Structures are given as structure tokens and as C-alpha cells.
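Feature list (source: TrEMBL):
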type	residues	note
TRANSMEM	17-41	transmembrane segment
TRANSMEM	62-84	transmembrane segment
TRANSMEM	90-115	transmembrane segment
DISULFID	CYS153-CYS186	disulfide bond
DISULFID	CYS154-CYS170	disulfide bond
Amino acid sequence: MSGKHFNVHEVGCCIKYFIFGFNIIFWLLGAAFLSVALWAWSEKGVLSNISSITDLGGFDPVWLFLVVGGVMFVLGFAGCIGALRENAFLLKFFSVFLGIIFFLELTAGVLAFVFKDWIKDQLKFFINNNIRAYRDDIDLQNLIDFTQDYWECCGAFGPEDWNLNIYFNCTDTNLSREKCGVPFSCCTKDPAEDVINTQCGYDIRAKDDNEQKMFIHTKGCVPQFEKWLQENLTVVAGIFIGIALLQNIITDLKG
């Protein structure tokens, strides 16, 4: 029975251009992330006053764009040029870089399992620290709102964590209209509403627990993050392994 057979060169060529296409997208995304980060810092005046980087009380999300964008840019460039030019050094650099990332992910996963109580405490401390600084920076505010909305959570371990914020706490000295409330990102969505009700969390923590569940998410973001990680870690790790294997195939074919 006759059939069409592909030689090693044809297979290698297909894989090479597949990897090239993937990496050029990866590289452009990295450049976009870096551009957004620099634009955000420019808007905040950080580029004209570098010392203001340390002024924030919480985490500045721009750092996330810089680090992720930088890694994506370097990795995408190496993979793109390495695949196109069949440069063994760049391909090995790309594969080793991916291997390091995968190893770090694996190590982080093992450490998170072994020291899960300590990790939970550190994550709670990190989130609560940023809850205090919620109104200090618009980027941080948007990041917290996105996280709470995406994971359908509120606070580190529950809505009461918003007592840490000077605008949302329930103390008698708090004169804010948001007193004893939560940000709108904690609220459950009403499919009938086309416009987001930014006041849906007002006074909600003054109600009893059962009534709160009708209007806001009562699960904390730490347990929701753990759940998300368990559901997606295998997929992310599989993607990294697959790309690394394809790069190794290209290197072997060239050799």
C-alpha cells in the first residue's frame, strides 16, 4: 500500500516554522507588556522621579508587567531567531530557559505543598498589605478588583479582611461612605444589570452572614487561588514541556 512519506527535512521545516510563528507572537507580546509598563510609569511620573518607585505602600502591578514582559521578550527573541536561523546556541538557550522556568515551577509546587501553611500566611500577609493600600494606586486597585471579580472572592480569607482599609473599616472614627462595606468587585453579578453598580458593597458587612451571601462573594482569595492553581498547574506545565520538546527536536534535526 503506497502512501506519502515525509522526510526528516520536511518534518524539521514544519516544526521550525511552527516554533518561529509561536515565538514571534510571544516576542511581540513581551514587547507589548514592556511598553504598557513603561507607559504606566510615565503616567505616574515614575520615569521622571525614580525614587517614587518605593513610595507605594502596596504592590505596584507595573513590576509584574516589567518582569513578565522582559522574560517573554528575551525568550521569544531567542526562540524566534534560533528557530529561523537554526542557531544551535539560541535554541539551546531557549530550551534551557524553559527548563529552568519549569524547574522553578516544579520546585515552587513542591515547596508550596510542603510549606503550605507558611505559604498561606505569606499570601495572606501580601494580600492584606495591598488591601490597606487599595486606594493609594489606581493600578493596584484595578488588579485587586480584577482578582476578586475573576476568582469570585473577597479579601484574603473573607470580606472581614477589608476592615484593614481605612475607608472600609467599621470603626466609629471612619466617616467614609464606604464604611463597613467592600469594593464592588466583591459583589455577585446580576445578569439583568448592564451597568456595574459600584455602590453594591456599601454597608454590606453591617448585615448578618446569611444576608451577605446574597449580595457578595464570601470566599477568600487565598483558597480560591489554591483551587485555581490545582486546576491549571498541569496544563501550564504541559505547555512548557511540549514547547521544550519541540525545540529539542529542532536542535537534534539540525545536528
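Just so you know, glycine gets a Cβ as well, placed from its N, Cα and C.
A map of TrEMBL features onto the structure.
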{"residue": "CYS153", "record": "disulfide bond", "Cβ within 10 Å": "27"}
{"residue": "CYS154", "record": "disulfide bond", "Cβ within 10 Å": "28"}
{"residue": "CYS170", "record": "disulfide bond", "Cβ within 10 Å": "14"}
{"residue": "CYS186", "record": "disulfide bond", "Cβ within 10 Å": "27"}
Between CYS170 (disulfide bond) and CYS153 (disulfide bond): CA-CA distance (Å): 20
